[in-house]
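Heads up: the structure comes next, in structure tokens.
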Amino acid sequence: MKAPVRVTVTGAAGQIGYALLFRIASGAMLGDDQPVILHLLDITPAMDALEGVRMELDDCAFPLLAGIVCTDDPNVGFKDADYALLVGARPRGPGMERKDLLEANAAIFSVQGKAINDHASRDIRVLVVGNPANTNALITQRNAPDIDPRNFTAMMRLDHNRAKTQIAQKLDAPVTAVSTMTVWGNHSATQYPDLHHSTVNGKVAVDAVEQQWYEDEFIPTVQQRGAAIIKARGASSAASAANAAIDHMRDWALGTPEGDWVSMGVYSDGSYGIAEGLIYSFPCRCSGGDWSIVQGLEINDFSRGRMQATEQELTEERDAVADLLP
Ligand SMILES: NC(=O)C1=CN([C@@H]2O[C@H](COP(=O)(O)OP(=O)(O)OC[C@H]3O[C@@H](n4cnc5c(N)ncnc54)[C@H](O)[C@@H]3O)[C@@H](O)[C@H]2O)C=CC1
Ligand SMILES: O=C([O-])CC(=O)C(=O)O
């Protein structure tokens with residue numbers, strides 16, 4: 001049996017937390033040979049609810065769960081953390097865009113970035129889920145200057161999974177027939193789900209559908225899926241978001257399947273002309289606990305325009321939080 005690793009989850013008393021923790025403790029994220037010590041961080045008024053979550057985790061008698069730390073102190077929450085899932089943040093309600101949360105949530109991530117810098121493992125792998133996820137990941141990264149910027153990522157996997165299901169259902173194919181999906185840019189309504197490089201049963205997806213369906217149905221459906229869930233459920237996606245977080249971390253830690261890739265919000269190195277230093281979603285392959293951006297995809301004018309629009313939004317979000325970026 002491997003030595004236990006420490007996994008910090010913020011917002012652990014919230015709705016995504018409730019759908020996430022039991023799967024991490026079961027081994028779904030890091031494998032069924034990897035014991036975990038959970039560090040559960042939330043705010044002081046949530047400590048009673050968090051204690052209830054701890055009791056339920058205990059009651060599962062998970063063989064891989066080697067310990068639980070519940071705290072409202074980020075310095076304790078991130079102490080020696082090997083993995084962190086930053087979920088704790090306000091969710092949006094009907095009629096809001098995710099960037100409307102920037103003011104309410106940004107400060108959380110500067111505090112947590114500093115705590116990560118001061119207390120976490122130097123190899124910590126961080127996934128930011130709390131919205132607006134890409135810019136919150138940027139704030140976290142910039143407040144943790146002693147840690148490699150490549151260790152900070154934002155969650156685009158829910159968008160990636162949504163795009164896979166939409167094209168699979170359109171072509172009456174199983175999701176397992178869909179490979180090499182790409183969602184570019186920001187986890188927002190400007191994201192660009194791109195069917196030019198994805199295949200369904202080996203056929204290029206964009207060639208298998210009408211251009212009008214691609215532009216007028218597929219792209220907006222994926223872009224607006226979060227809002228559609230809020231309208232239907234009266235609360236934002238939780239179980240699907242938790243599932244995407246598990247998928248993201250598992251692939252990052254254990255590798256993407258041979259011949260496939262995934263969408264991850266990662267530190268831009270200037271690939272595809274995207275401004276360096278933004279946390280932008282690219283197609284990524286993972287191996288040996290590291291990610292790399294898939295290179296050499298041909299980008300046509302249609303795609304280029306959309307990739308630049310979502311980049312532009314990320315630069316505006318970055319500029320809006322300039323005071324939190326050391
Ligand atoms: N990137 C993505 O694809 C997705 C992101 N989200 C975002 O995830 C976030 C969480 O969503 P839910 O779990 O539904 O919300 P929730 O309101 O149910 O839970 C949030 C939890 O975070 C806690 N929290 C607030 N400030 C904190 C702080 N400073 N430190 C630690 N914990 C803190 C709250 O007390 C609460 O327990 C929201 O911002 C939501 O918009 C949701 C779905 C998908
Ligand atoms: O839409 C929201 O506010 C929650 C979210 O990020 C998603 O479901 O993609």
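The backbone N, Cα and C atoms fix where each Cβ goes, and this holds for glycine too.
Note: TrEMBL annotation is automatic and uncurated.
Since this is a predicted model, take the numbers as computed values, not measurements.
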Additional site residue, D42, D80, D82, D159 [criterion: listed by TrEMBL with G11, A12, A13, G14, Q15, I16, G17, N105, Q112, V129, G130, N131 for NAD(+)]: D42
G11 (NAD(+) binding site): tally of other CB atoms within 10 A of its CB: 24
Filtered binding-site residues, from A13, Q15, N131, whose Cβ is under 6 Å from an atom of ligand 2: N131
Fewest Cβ neighbours within 10 Å, where candidates are the binding-site residues A13, V129: A13
Lowest local Cβ density among Q15, N105, N131, which the record lists as binding-site residues, within 10 Å: Q15
Rounded distance in angstrom between the Cα atoms of R92 (substrate binding site) and N131 (NAD(+) binding site): 8
Cα-to-Cα gap, R98 (substrate binding site) vs N131 (NAD(+) binding site), nearest whole Å: 6
